[in-house]
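The compositional bias 'Basic residues' feature in TrEMBL is assigned to 1-15. Positions annotated as domain 'Acyltransferase 3' by TrEMBL: 40-124. Taken from TrEMBL, the feature region 'Disordered' applies to 1-35. Annotated transmembrane segment per TrEMBL: 76-93, 100-120, 126-154, 183-205, 211-227, 247-265, in sequence order.
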Amino acid sequence: MKKAKKRRVRPKSSRKSSASSQSNVPGGRSSEAATLPPRNAALDTLRGLAIVLMLVDHAAAYWFDVRIELTSVRLITRLSMPLFCLLLGYFLPTDRRFRAVRLLQILAAAVAVNLVYWPLNHQLEILASLLLAAVVGTAMGRTAPLMLASILFYRLDPVSRWFDYQPTLVFALVGQGAMLRRFGIGPAIASGLALLGITISGHWIRPTDTHRFVVWFSLPATILVDLGRRFPDFRVTGLDWLGRHPLSIYVAHFYVIAAIAWALGGN
């Protein structure tokens, strides 16, 4: 007597669970879910805030020749740079897989911006440093928080004169963002205090260097990003939209700033 063959039944939920895991990941790749945080409205809002501060800073610099001083509006706008860096570090992939499309987008934006920025300043704008930080941070994977140590080489940076914000400073702040994501707010506050102490000491960053103001705002930026990850649904209408399109707005604003500065100078 022949035995009846058992039919193998595939679980119906497999396709559904796969789809749901993809829905929270940019690009729909479920393999990235464990290595990239999901979209966060609060962090988009913070990125939008950084863009607005940057717009104010550049307008003050190029239209009104305002310098970076303790009594200047450009002191408050120093918060923009550490916010950009921390958010980049927070969203670094931990699996060491390069997201070629995103890196190419940053490269294209950096080239477009520096077509305007380099003739005016004879230095590479911060997007060039952020691109390097993204490549190095991705290659380091879970060890990206070690980028914090680059601040110790700030005064020895051989390429500093070619960059508006030299790589050693940008790497350190990107590492701070990676520290927050990997180890949480406690260790991130400790590393932020260490960065602040290194700056105040005056040994690694000279007291006359205006980049020290950027490090001053690294701890407030860390706290803001942590609040953003704790309350992901918080948003400010308008700022969150800006934060979802940072590169396009970043490139466009430079051409507007340069055109108006040229017009004002021509008069």
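Cβ from N, Cα, C; glycine included.
Whatever TrEMBL says is automated annotation, not expert-curated.
Highlighted: of the candidate stretches 126-154, 211-227, 247-265, 211-227 has the greatest count of Cβ pairs under 8 Å to the transmembrane segment (76-93).
Within the chain carrying the transmembrane segment (126-154), a Cβ under 8 angstroms from the stretch's Cβ atoms is held by residues 81, 84-85, 88-89, 92-99, 102-103, 106-107, 109-110, 113-114, 163-172, 174-176, 178-179, 182-183, 191, 194-195, 198, 204-205, 215, 250, all 6 or more beyond its ends. The DSSP breakdown of the domain 'Acyltransferase 3' (40-124), given as helix, strand and coil counts, is 64 helix, 1 strand, 20 coil.
Across the domain 'Acyltransferase 3' (40-124), mean pLDDT in this model comes to 95.
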